[in-house]
């Protein structure tokens, strides 16, 4: 061993000639990793691409981003309530009324962090289902339905009005947006079907609250909108105008938030038809709420 003293202090350092020679031998033989390789060896690596893959993800990483894998993850979380963020879902429901742009801003964050536009947390769907059940039971009470009739109405509203119509509208918008609204048709930029369904759920929630909850207080009380009285069908049709207007506007915001779509303003064109129908309904005495009540009663008989 070689002893080295520093100044007048009693501190001394020991350096082994044997260790230095061994390190030199290992470096010559390539047995020692470079600092960068050593760091990478001891750390968790992110998914990288092969130098011959032209930037494409490896098979294992690509499998994690397939539609089937995302769908499986979403459905699996339906069975684990503790993994759902209900507080955040309630926050979204509140802002769908006051500032829906902030809700879609969060979809941008999800794309940046999780590489998908659609929700990966079913908490919003669960809360929406609870709203459907509560409001439908309220409808059954207001329309003086029995227990069996209310149960039939609940099944109809959940599986037909929400899920069935939702699947139809989502699929239609998914096809239209990918076929006609893409700036540059490409496999790398397309509208996810799950995102189209999320947009429908976002737009459906305010409509549900207005027509299935707020409207209950007016059907047989206050202005009695379930009648042929002018004030009644004026208030009732106005609620329909606001509810459908919310649906159209939030749907427009959902597709307008995607940077690779063009001409999304066409989704606002139905507002002209909506306004025309509203004016005609008030002028001719059409009562949409009365028709809805009749339709629900006819469905459960």
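Cβ coordinates are placed from backbone N, Cα and C, and glycine is handled just like the others.
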Write down the single range among 85-107, 154-176 that appears in TrEMBL as transmembrane segment. 154-176
Of 63-82, 123-142, which range does TrEMBL call transmembrane segment? 123-142
Mark yes when the transmembrane segment (203-223) and the transmembrane segment (123-142) have three or more Cβ pairs under 8 Å (sequence separation 6 or more) and no when they do not. yes
Return the stretch with the most CB pairs under 8 A relative to the transmembrane segment (203-223), choosing among 154-176, 230-255, 267-289. 230-255
Tertiary contacts of the transmembrane segment (230-255), as residues 6+ beyond its ends and Cβ separation under 8 Å: 96-97, 100-101, 104, 173, 177, 181, 191, 195, 198-200, 202-204, 206-207, 210-211, 214-215, 218, 223-224, 261, 264-265, 267-268, 270-271, 274-275, 278, 281-282, 285-290
